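Chemist: Could you have a look at this structure, given as structure tokens, before my questions?
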Amino acid sequence: MWLLLLLPLWGGCAEPGDSEWVNLPSKCEVCKYVALELKSSFDETSRTRELIDTRYGFLEDDKKAKKIKYTNSDIRLIEVTEGLCSRLLEYNLHKERSGSNRFAKGMSETFQTLHHLVHKGVKVVMDIPYELWNETSAEVADMKKQCDVMMETYEDVIEDWYRHHQEADLTEFLCARHVLRGQDQSCLEEHWDSRKGDTGPSTGTKKQKKQGEKKNKSKKENSGPEEERRQMEQPTAAKEEL
């Protein structure tokens with residue numbers, strides 16, 4: 001069975017001024033995902049007890065030098081911020097979504113369907129060749145470009161948050177108070193709705209909870225009938241002693 005489809009779905013082939021094809025991310029949307037990836041990256045690097053030795057070779061006898069926690073070190077801040085914008089290239093454009101939610105990790109529902117048709121032997125004809133279906137869209141490429149500028153411009157703000165204000169929400173601190181101060185902040189109120197194929201940043205909380213539940217469940221299952229009988233006999237034994 002053959003199906004002929006002519007679908008203009010990819011922003012990569014559009015002219016920069018063609019609003020019907022390309023809807024570049026706003027400053028609000030860029031900051032939202034910069035903050036989201038910063039949170040995720042800081043969370044990923046918070047699960048270590050590694051100590052950093054502040055002494056250098058020619059200062060080995062310096063008794064004042066001491067080890068500091070990696071989680072409080074400049075090294076952690078540099079490692080997180082250095083490759084931050086590259087993480088945005090993991091996002092794809094989901095044109096079936098609206099607002100800032102059109103940016104999400106994972107393949108869009110539309111392209112999942114098209115790939116499924118191709119694998120079933122259906123011929124799908126679009127305005128771009130099949131080999132370019134998974135290329136970075138113009139919108140995502142622009143988001144990465146804006147991120148590079150934003151990270152450089154607000155480097156001091158991010159460092160200030162890291163050193164003195166980690167109790168404050170990073171999206172609120174970076175975007176609402178600084179980057180978007182006096183500007184449109186409506187996208188910050190748009191909540192990310194996970195759908196099939198999406199792989200949003202994970203904090204590990206849910207995973208740890210499930211592992212704990214599984215451990216308790218396994219403990220109950222392994223107790224067996226013998227353990228239940230022993231527990232039932234305990235009150236009787238105590239009564240006989242009295």
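Quick reminder: no glycine exception, Cβ is built from N, Cα and C everywhere.
Sharing the feature lines straight out of Swiss-Prot:
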type: SIGNAL; residues: 1-19; note: signal peptide
type: DOMAIN; residues: 26-235; note: domain 'Saposin B-type'
type: DISULFID; residues: C28-C187; note: disulfide bond
type: DISULFID; residues: C31-C175; note: disulfide bond
type: DISULFID; residues: C85-C147; note: disulfide bond
type: REGION; residues: 191-242; note: region 'Disordered'
type: COMPBIAS; residues: 210-242; note: compositional bias 'Basic and acidic residues'
Chemist: Output, ordered by sequence, the same-chain residues six or more apart from C147 (disulfide bond) with a CB under 8 Å from its CB, or 'none'.
Modeler: V30, Y33, V34, L84, C85, L88
Chemist: 10 Å Cβ neighbour count around C187 (disulfide bond)?
Modeler: 20
Chemist: Cα of C28 (disulfide bond) to Cα of C175 (disulfide bond): how many Å, rounded?
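Modeler: Cα to Cα, C28 (disulfide bond) and C175 (disulfide bond) are separated by 8 Å.
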Chemist: Roughly how many angstrom lie between the C-alpha atoms of C31 (disulfide bond) and C187 (disulfide bond)?
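Modeler: Cα-Cα, rounded: 10 Å.
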Chemist: Over the domain 'Saposin B-type' (26-235), what is the model's average pLDDT?
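Modeler: A mean pLDDT of 78 is what the model gives the domain 'Saposin B-type' (26-235).
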